[in-house]
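Working notes, structure below.
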Amino acid sequence: KESAAAKFERQHMDPSTSSASSSNYCNQMMQSRKMTQDRCKPVNTFVHESLADVQAVCFQKNVACKNGQSNCYQSNSAMHITDCRESGNSKYPNCVYKATQAEKHIIVACEGNPYVPVHFDASV
């Protein structure tokens, strides 16, 4: 079974591109990363930074998660991200996404040993 840490990497990590290269980026990535298999995942964020830099966030600023849990952490520096949001004409299995690029601080939930990101909570 896929671990929570591996799932985070699959759903949120894209260090090889510095930003969404094309308008088709989200459509391709959401599909290739298997987030459109049984439904269209409505919103997803990809982080264009090294895995080491994102894992390091677990040891940065401790903040409350959206769900009230206390194991979330905010990055000290802004990171290159792409938000993929389902567009109005999207209907499973033909999921259609709109990409928005930004440089924002990310907030992730961390757990385990080693202590690594398992959930993308927000960007600010």
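Note: Cβ is positioned from N, Cα and C throughout, glycine not excepted.
Candidates considered were Cys95, Cys110. The record in Swiss-Prot pairs Cys58 in a disulfide bond with Cys110. When the C-alpha distances from Cys58 (disulfide bond) to the recorded positions Val43, Cys65, Cys72 are tabulated, the minimum falls on Cys72.
Within the chain, the compositional bias 'Basic and acidic residues' (1-13) has long-range Cβ neighbours (under 8 A, six or more residues past its boundaries) at 33-35, 44-47, 51, 54, 108, 111-112, 116-120. A separation of roughly 17 Å, to the nearest angstrom, links the Cα atoms of Cys84 (disulfide bond) and Lys7 (substrate binding site).
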